[in-house]
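Below is one structure, written out as structure tokens, with a few remarks after it.
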Amino acid sequence: MSNYFDKIAKVNYEGANSTNPFAFKHYNPNEVILGKTVEEHLRLAVCYWHTFCWTGNDMFGAGSLDRSWQKTGDLLVGAKQKAEIAFEFFQKLGVPYYSFHDVDIAPESNNFKEYLHNFNTIVDILEKKQSETGVKLLWGTANCFTNPRYMSGASTNPNPEVFAWAAAQVFTAMNATQRLGGENYVLWGGREGYETLLNTDLKREREQIGRFMQLVVEHKYKIGFQGTLLIEPKPQEPTKHQYDYDVATVYGFLKQFGLENEIKVNIEANHATLAGHTFQHEIATATSLGIFGSIDANRGDPQLGWDTDQFPNSVEENTLAMYEILKAGGFTTGGFNFDAKIRRQSTDPYDLFHAHIGAMDVLALSLKRAAKMIEDQTLQKVVDNRYAGWDQELGQKILSGKASLEDLAKIVETQGLDPKPVSGQQEYLENLVNSYLYR
């Protein structure tokens, strides 16, 4: 095993009173909550791209991070070194999963044969490292947005040759995901949108991306992939307006192309912020529509209008998110993937550990708080009581289709219905949630 992070042997759980910065205070993977271990509930994954590919660059400055694998003259040699160091990190952190884009793990090329050679070379290494360490692939995906060929979109591109290139990448990445035992395959349309309607045919582009998703579903069945297909919603950035704006928009798209039973959503907290929603709202919408799949765990900055991809640090926000997930029965094939990056000034390699340790503790503590809310059922009882009328005769008659508008008008008139407003008790419920958060 690589020994890049030689100052750490293994991050362990030491409890809330520990002062060791390289120990978990709340994340105890073997602790049983609601019949499952914390590890089974959270299904944590480290992402390859932000953790091992980002150089620390931004729009106003060059890379600030010193990473040995990014300095090799031979990019494939660097990719091999990166894989070794990545699995050292996964093992020492103790996460069960990881995730990647195709070009995160292997050098890209404008020559497809060279792309395949590079990619397959690294997939061979990943397969071996998974076998050696027991670390599994939560999901794989293809980067169909960074290369200049995709500046006008991938599946939505006005040039069908670009569509074909994207299809070739997804074909390759899906096959690799299946080979590596990946439990999901993600589709994020980073360039599937537009900058201006002056040069855009919305109807045509929507039909193109719809056909692309149908091709992905067809290939899933052709190769016997048992995982879940996921679309990741985002309203904008890098395009002005993206077609997968939010969970509700994605559901409408899936319905249009008959894919609502084939594809679910991978929800990112920061993307919810950009869409003007809370993280909790997007999860609740997905579970209510039956398309909840997985989570990209991070946070945004409400004062900034871009995807900051910071590590989650709010127990309050994540307890409410976890509550919605637990109410829906928890994850099946999905999990919490840390789509988050350290800050540009966090140049010490061990800052990667601090970031992930803190985020894992936040999610574990949020799980415990949400589980207590589920066990007590106090909040749910208030909601059930609020809608109790719909379980009674009039409510059931309306929902079952046994009452027309005329019937309802007669009921109001003959029975003299005069419903009175009932308190929503928002302040009480907010206090109730705080009593779980800060006990």
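Cβ coordinates come from backbone N, Cα and C, glycine included.
Here's what Swiss-Prot has on this protein:
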- H101: active site (ACT_SITE)
- D104: active site (ACT_SITE)
- E232, E268, D296, D339: Mg(2+) 1 binding site (BINDING)
- E268, H271, D307, D309: Mg(2+) 2 binding site (BINDING)
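Where Swiss-Prot records a feature, it is marked here on the structure.
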| residue | record | contacts (Cβ under 8 Å, 6+ apart) |
| --- | --- | --- |
| H101 | active site | Y48, W49, G140, T141, A142, N143, A173 |
| D104 | active site | Y48, W49, F52, C53, N143 |
| E232 | Mg(2+) 1 binding site | V186, L187, W188, D244, V265, N266, I267, E268, H271, D296 |
| D307 | Mg(2+) 2 binding site | K234, E237, N270, H271, L274, G300 |
| D309 | Mg(2+) 2 binding site | H50, N270, N298, G300, D339, A340, K341 |
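Other Cβ atoms within 10 Å of the Cβ of D296 (Mg(2+) 1 binding site) number 24 in total over all chains.
For the Mg(2+) 2 site, the Cβ centre of E268, H271, D307, D309 serves as reference, and the other residues of the chain with Cβ at most 8 Å from it are K234, A269, N270, T273, L274, D296, N298, G300, T308, D339. Report note: the Mg(2+) 1 site is defined by E232, E268, D296, D339, and the residues of the same chain whose CB lies within 8 Å of the CB centroid of those residues, excluding them, are W188, N266, I267, A269, N270, H271, I295, N298, N337.
Around the Cβ of E268 (Mg(2+) 1 binding site), a 10 Å sphere holds 27 further Cβ atoms from the protein chains shown.
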